[in-house]
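> Grabbed the feature section from TrEMBL, which reads as follows:
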type	residues	note
REGION	1-35	region 'Disordered'
TRANSMEM	203-222	transmembrane segment
DOMAIN	274-396	domain 'Heparan-alpha-glucosaminide N-acetyltransferase catalytic'
TRANSMEM	280-296	transmembrane segment
TRANSMEM	316-337	transmembrane segment
TRANSMEM	349-368	transmembrane segment
TRANSMEM	427-447	transmembrane segment
TRANSMEM	508-531	transmembrane segment
TRANSMEM	538-560	transmembrane segment
TRANSMEM	572-595	transmembrane segment
TRANSMEM	607-624	transmembrane segment
TRANSMEM	644-662	transmembrane segment
Amino acid sequence: MTGARPCGAEQRRDRERGGGGGGGPVAQAAGGMSGARGAGPALVALLLAASVLSAALLAPGDPPERGAEAAPPRDLDKKKHVELKMDQALLLIHNELHGTNMTVYWNSERCYHCLFQILVNVSWSGKPGKPSIAAVALSTQHGSLLQLNDTLEEKEICRLEYKFGEFGNYSLLVKHVHNGVNEIACDIVVNKNPIDSNLPVCIAFLVGVALIIAVYLLRFLLSLDDFHNWISKAINSRETDRLINSELGSPGRAGSIGGEAQQEAWHPPSALPRLRSIDTFRGLALILMVFVNYGGGKYWYFKHSSWNGLTVADLVFPWFVFIMGSSIFLSMTSMLQRGCSKFRLLGKIAWRSFLLFCIGVVIVNPNYCLGPLSWDKVRIPGVLQRLGVTYFVVAVLELIFAKPVPESCASERRCFSLRDIILSWPQWLFILLLESIWLGLTFFLPVPGCPTGYLGPGGIGDLGKYPNCTGGAAGYIDRLLLGDDHIYQHPSSAVLYHTKVPYDPEGILGTISSIVMAFLGIQAGKILLYYKDQTKDILIRFTAWCCFLGLISVALTKISENEGFIPINKNLWSISYVTTLSSFAFFILLILYPIVDVKGLWTGTPFFYPGMNSILVYVGHEVFENYFPFQWKLEDNQSHKEHLTQNIVATALWVLIAYILYKKKVFWKI
């Protein structure tokens, strides 16, 4: 990896981009908010990045020796040297069984109902009292299942479950137990302790939190007259005093943070309020997306799930879709109140959707250093493509049934507490119809060679019975309508489940689920607008939606990763995935809205600034991913610490870029 674009761009083309998107800015207004005064956002963002970076640098690193020679037994032939990579441990298998050849099988505990894979064959040494030894590298991301069989008789000798640590050195001793009974013992011994690879993340997080507390404490002290006057006299410089006032808070304003945040959030020049909490939520999802797309320190929980379940990377894209829905309603209502015709709005919607789709196709098909891109291999689905289609459907749906926003229903019994739902009954009918189509196709569409209603990953999953059925109906529809060469070639399921067929996590059938998620975001926007200035009513409805959607998820999943009726699955965009992430989204708004927009206890820094320019940050971080200073050659490419440092720096730079653009009032919208 160097500062220039590498010719290994094919890896970037093949990598899944399901973690985030530029949906937020599609419906957001480009301008309308002046710079945050007295909040010291640049200082906070830069100090936070510096603290996290220093924490990552100071955290204990990897051991200098990671191969089999780190603690080799005397009998280990140097030809069997194993060089460990990231998230691997060394296992030395000692076969002390006289006249018995062993076959060792391995499986990950995260691989649901998977076939065991042959790890290594360990033959008898031929010399009594001298064991034969085989050295293998094992994954340390999850627990390992080991099964030892007699190679000749295909009879199980023993089975173990063990969680190995990164760069640890272990021995598996297989021998007879001399206790009067013909028994075989399989024991794991630690030769060299592993490292704690999660320590850099923990230290970076704690130092970052501590620094945020320190900065806000300093701002509070500077808001006190006595403390500020003491600082001013000590410095004895008007210029320095001016900088302190402008960057860290004006004197004599104990509530300055809240007042400024509330003023910016509730008094923009447009007819409707621009909610700072919406932009903060969008920016939070965007920063997480940039971080995980850049590698997330190469930690497994910052990558997409192999199939069922949730990781941090699985959160950000649906949150973008949710906030896009909220922004669509607020923006469209504002434009209609300003007198914009529905026909003109329809044209804007169609044009924005088209641009999103086209930009998405360009981003997911990079061809630098690879020569001309063949049309036969162009990937059609993608993150921005799905956002474009989702935006078009939900925006047109709201435009068709748009009604004037009720000022107050306090005196009208028919409105009572459900007016945000009752006034949208045609849209709800359409969304329920779409979800019925998803359920019908998923569970009843016949798929050649696969069981009807199959939701599994294929490959070695389900004991290898359906190797070419990855994604069931969702995968079949994409391959049928788009062709194998025009969808994602290396899905996340290929790593753990060894799938062979292409599968696109942004495929056609999953778009229905993203439309449902965006509509739930619209529901959040309606709550904010219909009950404006009624904070208690807003929070009650956010809580009700959070609990309602959470209960649906509990019922669908049975609080299980794999055993539920419809498991949480990002690749499929299952309905349980939508309800779970929507429940989380309502909960986040439940926290952000009163803190940011009502009480003004937090301005949203630093997430607010990327949220105001999210399409530019998203496209920019994709295009300049392999350029310095967002990426450079690492001294140790197998170190979590170095990858984490690089990814934090790259993410912090985009926060800084977004802040500078905000201060210069540069916004990119389509």
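Glycine too: its Cβ is placed from the backbone N, Cα and C atoms.
Caution: TrEMBL annotation is automatic and unverified by curators.
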> The transmembrane segment (607-624) and the transmembrane segment (572-595): do they have three or more Cβ pairs under 8 Å, with pairs 6 or more apart in sequence?
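Result for the transmembrane segment (572-595) with the transmembrane segment (607-624) is no.
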> Would you list the DSSP helix, strand and coil counts for the residues of the domain 'Heparan-alpha-glucosaminide N-acetyltransferase catalytic' (274-396)?
88 helix, 1 strand, 34 coil
> So, taking each listed stretch (280-296, 316-337, 538-560, 644-662) in turn and counting its Cβ pairs to the transmembrane segment (508-531) that are under 8 angstroms, which one gives the highest count?
316-337
> May I ask whether the transmembrane segment (538-560) has at least three C-beta pairs under 8 Å with the transmembrane segment (607-624), counting pairs 6 or more apart in sequence?
no
> Average pLDDT across the domain 'Heparan-alpha-glucosaminide N-acetyltransferase catalytic' (274-396)?
92
